[in-house]
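Enquirer: Can you read through this structure? Questions will come right after.
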Amino acid sequence: MGMKRKKISIIGAGFTGATTAFILAQKELGDIVLVDIPQLENPTKGKALDMLESSPVLGFDANIIGTSDYADTADSDVVVITAGIARKPGMSRDDLVTTNQGIMKAVTKEVVKYSPNCFIIVLTNPVDAMTYTVFKESGFPKNRVIGQSGVLDTARFRTFVAQELNLSVKDITGFVLGGHGDDMVPLVRYSYAGGIPLETLIPKERLDAIVERTRKGGGEIVNLLGNGSAYYAPAASLAEMVEAIVKDQRRVLPAIAYLEGEYGYEGIYLGVPTILGGNGIEKVIELELTEEEKAALAKSVESVKNVMKVLQ
C-alpha cells in the first residue's frame, strides 16, 4: 500500500466552512471535501475550484473538491460540521436549537455511514447541545466527537489582552471554561503573558472588562457585520483542532468534551481544558477551581442544560 494523504471533509460550505477549508489546504493537512446541500452544489464546487487554483501561487499540495454527495466524503479521517442556520442580530443561540438539531441528525447519519472511523468536530451553535446531539446520533465513543468553542473564546481573550498590554499575542496564554456564550468562564488565574500571571500586569477592573468583552465577543461581531456571524477566527480555531488530531500533537487546548464525573458533572458536553491528539480527546484536564469559579461554572452548566431541555 502506498502512502495516502489524510482526508478532511467539511459539512457546510458557508463562510466558516469555506474559510476552514482554505486554511486547512494551506497547512497541507490533507485533501479537502467541501459538502453542502444539492441546491448549493454549484457554488460549493466553485469555491473549491477557486481555492484549488490558488495552490500554485500559495504553494500548497492538496486536492479540494465541492460536492453535495456524501459518498465523496467516504473514509474521511476528520469531519468538521459547520452546517446549520446562522445567528441573526437579536437572536439568541438557543433560538437556533430545533432547526439545527434536525440538521445535525441528518448530517451525522450520512457521516457515520461513509466514515465510520472518523473524528467529528462540531462548530454549529448552540455548540454544546449540537455536539451532544452528534455524539448520541453517531454512536461514536466520546473521544471522537468534539465541540469547538474554547479555542475561539480563548483566542478572543488573548487578542484583547495582547492589545491591552501592547504585546505579541504569541506570548499570551489563557483558558476559558464552560459553555460557549454569555456564561463562559475565562480563568484569569490560569492566564499568562510570557509566563507572568496576567493579574500582576493588568489592573482588576481592566481584566474584568476584557473578560466581559470576551463573553460577548461573538455578539460584538454579529452586530458589526449586521448579517451573519464571525468566520475567520472560528475557522482558524477549527483548523488548530484538526491539526492537533491529524498530526497527533497532544496539544493542551480547550474543547467541548463529554464529561463523566470531571468537574462534578455527568453526561453533558462542556468546554474544558483537554489534551487533543491522534486519539481525539485523550484526556480532560481537571483544574482546581475557587468557590467563585465553581459557581460561575455551575451557572454555565445550567445554561447548557436549559438549551438541552429544548432538544427533541
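Heads up, residue numbers simply count up from 1 along the chain you see.
Each residue, glycine too, has its Cβ placed from N, Cα and C.
The feature active site, proton acceptor is assigned by Swiss-Prot to H180, with sequence analysis given as support. Per Swiss-Prot, NAD(+) binding site is recorded for G12, A13, G14, F15, T16, G17, D36, N100, L123, T124, N125, and the stated evidence type is sequence analysis. Under the heading substrate binding site, Swiss-Prot lists R87, R93, N125, R156, citing sequence analysis as support. According to Swiss-Prot, the feature phosphoserine maps to S149, an assignment based on sequence analysis.
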Enquirer: Of the recorded positions S149, R156, H180, which sits closest to G14 (NAD(+) binding site) by Cα distance?
Expert: S149
Enquirer: Determine, using Cα-Cα distances only, which of these binding-site residues is closest to R156 (substrate binding site): G12, D36, N125.
Expert: N125
Enquirer: Could you state the whole-number distance in Å separating the C-alpha atoms of L123 (NAD(+) binding site) and the residue listed as 'phosphoserine'?
Expert: 7
Enquirer: Within 10 Å of S149 (phosphoserine) (Cα-Cα), which of the recorded positions T16, D36, H180?
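Expert: Cα within 10 Å of S149 (phosphoserine): H180.
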Enquirer: Around G14 (NAD(+) binding site), how many other C-beta atoms are within 10 angstroms of its C-beta?
Expert: 19
Enquirer: Is any of the binding-site residues G12, T16, D36, N125 within 10 Å of H180 (active site, proton acceptor) (Cα-Cα), and if so, which, in sequence order?
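Expert: Cα filter at 10 Å returns N125.
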Enquirer: I'd like the number of other C-beta atoms within 10 A of the C-beta of R156 (substrate binding site), please.
Expert: 25
Enquirer: Quick one: what's DSSP say for G14 (NAD(+) binding site), helix, strand or coil?
Expert: coil
Enquirer: Taking the Cβ of T16 (NAD(+) binding site) as the centre, how many other Cβ atoms fall within a 10 Å radius?
Expert: 27
Enquirer: I'd like to know which of these recorded positions, N125, S149, is least surrounded, judged by other CB atoms within 10 A.
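Expert: So among N125, S149, the recorded positions given, the one with the fewest Cβ atoms within 10 Å is N125.
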Enquirer: Let's check the environment of L123 (NAD(+) binding site): how many other CB atoms sit within 10 Å of its CB?
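Expert: A count of 30.
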